[in-house]
Amino acid sequence: MTFTLATWNINSVRLREGLVARLLRDEAPDVLCLQECKSPVDKIPTEQFRALGYNWMIARGQKGYNGVAILSRLPLTDAGSVDFADLGHARHVAARLENGVTVNCVYVPAGGDIPDREQNEKFGQKLDFLTQMRDSFRAEKPAKSILVGDLNIAPREDDVWNHKALLKIVSHTPVEVDQLNETREAGGWVDVTRANIPDGKLYSWWSYRAADWDAADKGRRLDHVWASADIAASGQGSRVLRDARGWEQPSDHAPVFATFDL
DNA sequence: ATGGTAGGCCTCCTA
């Protein structure tokens, strides 16, 4: 069985309902994981998605901030959620497919501007969130699992437009990169995107603040697709749909895709 | 070195 999965930080699912529908129509992933829905679950618009065959949604939400959802045209069951770092935020939800694969949709805290937990509480929360994820993987090794989402860290030198310039910028500091790698290794997760696309610059996010995001191309790879070691080899055909960053009234993130042949 | 844009909400928070 082959299925395609995409992950996208949508930055308000209500404002960008039309863009989600466009992605579902044009690219037709079997499963679409969304982050930053910025909506309570009962206010997520699902009619257009259902009309396109996406009859399942497992989500966690809150008013105004955060929020994660898994849309699917394959049957899903709710596999729970964890409040990593006890922030009271909707940043994780899991769903199970009929083939037994568990899909985790994660939105790691951005972490504020100052990369120092003494001066910036949000940075500490980001590190704590990752530490608790790591510990959960140590406690129970993931199997037949996929983890995707906006992890808000670009771990490799070629995951950012300028490695040196970003070493002190939250999302690419060594302490975050180490923490993310430790979290990934603790679960035996494989970075499927980079397994499929090992070489060259690769980004999934471009700031709204840059005048000409496409020409300047000062991007970062903040959005990730991981698979547990037992199914990682089945991950194929990864890609970033960069075009979506140029759609009308876009999210600042582009969707990341992977196909699994199980 | 700085400030730049965007979304949601209740006048400023977060990214």
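The backbone N, Cα and C atoms fix where each Cβ goes, and this holds for glycine too.
Caution: TrEMBL annotation is automatic and unverified by curators.
Here is what TrEMBL records for this protein:
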type	residues	note
DOMAIN	A:6-253	domain 'Endonuclease/exonuclease/phosphatase'
BINDING	A:Asn9, A:Glu36, A:Asp150, A:Asn152, A:Asp252, A:His253	Mg(2+) binding site
ACT_SITE	A:Tyr107	active site
ACT_SITE	A:Asp150	active site, proton donor/acceptor
SITE	A:Asn152	site 'Transition state stabilizer'
SITE	A:Asp223	site 'Important for catalytic activity'
ACT_SITE	A:His253	active site, proton acceptor
SITE	A:His253	site 'Interaction with DNA substrate'
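Per-residue confidence over the domain 'Endonuclease/exonuclease/phosphatase' (A:6-253) averages out at a pLDDT of 97. Sparsest Cβ environment among the binding-site residues A:Asp150, A:Asp252 (other Cβ atoms counted within 10 Å): A:Asp252. In this view, A:His253 (Mg(2+) binding site) is surrounded by 24 other Cβ atoms within 10 Å of its Cβ, with every protein chain counted.
Neighbour density for A:Asn152 (Mg(2+) binding site): within 10 A of its CB lie 25 other CB atoms from the protein chains shown. Cα of A:Asp252 (Mg(2+) binding site) to Cα of A:Asp223 (site 'Important for catalytic activity'): a span of 11 Å. Reported as a whole number, the C-alpha separation between A:His253 (Mg(2+) binding site) and A:Asp223 (site 'Important for catalytic activity') equals 8 Å.
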